[in-house]
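Per Swiss-Prot, these features apply:
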- D338: active site, nucleophile (ACT_SITE)
- E373: active site, proton donor (ACT_SITE)
- D445: site 'Transition state stabilizer' (SITE)
Amino acid sequence: MAVLTHGSPTPSGAYFDGKGINFTLFSAHAEQVTLCLFDEQGQERQIAMPARTGDIWHGYLPGGKPGQRYGYRVSGPFDPSRGHRFNPHKLLIDPRTRALEGKVGDDPRFTGGVSQPDVRDSAAALPKCLVIHEEYDWQGDKPPAIPWGNTVIYEAHVRGLTQLHPDIPPELRGTYAALAHPALIEHLKTLGITTLELLPVQFHIDEPRLQKMGLSNYWGYNVLAPFAVDPDYASGREGISPLRELRDAIKALHNAGIEVILDVVFNHSAELDVFGPTLCQRGIDNASYYWLTPDGEYDNITGCGNALRLSHPYVTQWVIDCLNYWRDSCHVDGFRFDLGTVLGRTPAFDQHAPLFAALAADERLSACKLIAEPWDIGLGGYQLGNFPTGFSEWNDQYRDAMRGFWLRGEVPRGTFAQHFAASSRLFEQRGRLPSASINQITAHDGFTLLDLLCFNQKHNQMNGEENRDGSDNNHSNNFGCEGLVADAAIWQRRKACQRALLTTLLLSQGTPMLLAGDEQGHSQQGNNNAYCQNNILTWLDWGSADRALMTFTADLIRLRQQIPALTQDQWWQSGDSNVQWLDSQGQALSDAAWEQGCQQQLQILLSQRWLVLINATDHECEMHLPEGEWEGIPPFGVSDHAERLTTWRGSAHTICVLIKRD
């Protein structure tokens, strides 16, 4: 019979010290915590945790070894009006587990009870936590440490990026191992990508609603165990764990000079609303982990049924420890925080919130690239530009302005210029650098770039919600024909705008983020909310990729890295050498000219050498170039023996870059 000694309240989680396992679990309101140990046949042994230090329950299992399966049962009041939902009939996952065995199905035994506790035992249905102790030889791995001014982010899904790549062995496609394959790394290097941002790779589950429809949470934002690598993206090769496979991939990417940023989800948990499954925090200490209303209901500021209370001291430390685990154990270079406003809620948003203070005080984490999605759906949830120094932010105002300028004719050039200059009004006056603006035309959430030019309406019927899900405010333009089938004239206009938007993104000041597949002409058939589509709709079709567009994109990124005004990460000032704003006659734009309605022609001179010519109108125009000798530069022309230009004739919806001869 296994016996627990008192052990220690630290380190947190389940820790193997070479002689046994120390177990800890936080619960401020529990009356008893029971450690449940499972053998290979699923037989359960229950042992009361023998000690409590403050709010940490702990015990030590002499002789315990890695591979031990475990979970917890936590007893206490079931009093929803006070926020307590303890139910010892429910086996619970350790919030700090670093591995899980099994899957979470749509099983009624997970129900914890709404007004009364549900007495059905859930142990047989719940995945078991695994104690792991994996040493790893990083072979001198060092972070690429790409300066923000040179950073080009590529947002991708592990499976979507690699599942159909013909040069990756079939058994590795869709896995972490595929990220390490030379064919994939060559693509990233050829493009000029410096930083790969991965959609969640933490252990996530599929919502019961999706399971009933035969769908899955493809994006992975329904995270159950944020310390654990999701085994769904592992190849399953013998002797290679999911954690090792992810480490191998990150090491290979680092060897190629590519950073890795993980998309992390700390705004809500997979337990959803009161009708959702009781799997972890709800049963451990509901009142500490979640934002609750005065009557004990979940404050659903995320739209996902619950919101994690990150201002609670222990929950703050849980997040910090999790981030440090990924940084230390997997050498990740940064994090993108989903619905990041929740990070700063106290409950109102506060730049000095406990989690922000803890991040700033942690030397290791504050040196990482930290990116926030600066909104949630709660009161005061939109916080673009308001995150503390050290964060960069997804800039949806940039996205909408550039779409509106090129596709709708709704945005004047003054607004275009302000966002082209890293949305300076949002960030400069608040002591932030241009790199704080994460510029994007598209992201995983919404239309792809090609679909933005082919669909005026979303087409999300496959999601099973009768096309109600997904945004209706897309600022798209199908140029007169809904869908991918259109005549040559329409496709000519679409392709011109496709290149114009890519050029704008990659030559704007700030940090560009390219959605994987946009450089290939990937379409999701008009689905702008493909979160549940784990199929060819979201997987990149490498066989039909637009090779010319890929070359165009790579040339743009190379061009970007040559222009000091874009790479030095300093604000442009009036009269300096970084930028001059010119009209179609090559003259400096006057204050009055900036205010002239929706004028959509201008020239932008960068670093006194590179001239960006913009015609966002629906007709051809002629521009007179500023003084000097100008010639084309790839991808807009060939510099060898090029014709020297004094004027530029631009077709509708076009952008061009010229270089000044020395």
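Keep in mind that glycine also has a Cβ here, set from the backbone N, Cα and C atoms.
Structural mapping of features recorded in Swiss-Prot.
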residue	record	Cβ neighbours (10 Å)
D338	active site, nucleophile	24
E373	active site, proton donor	23
D445	site 'Transition state stabilizer'	18
Rounded inter-Cα distance in Å - D338 (active site, nucleophile), D445 (site 'Transition state stabilizer'): 12
Rounded Cα separation (Å) that holds between D445 (site 'Transition state stabilizer') and E373 (active site, proton donor): 12
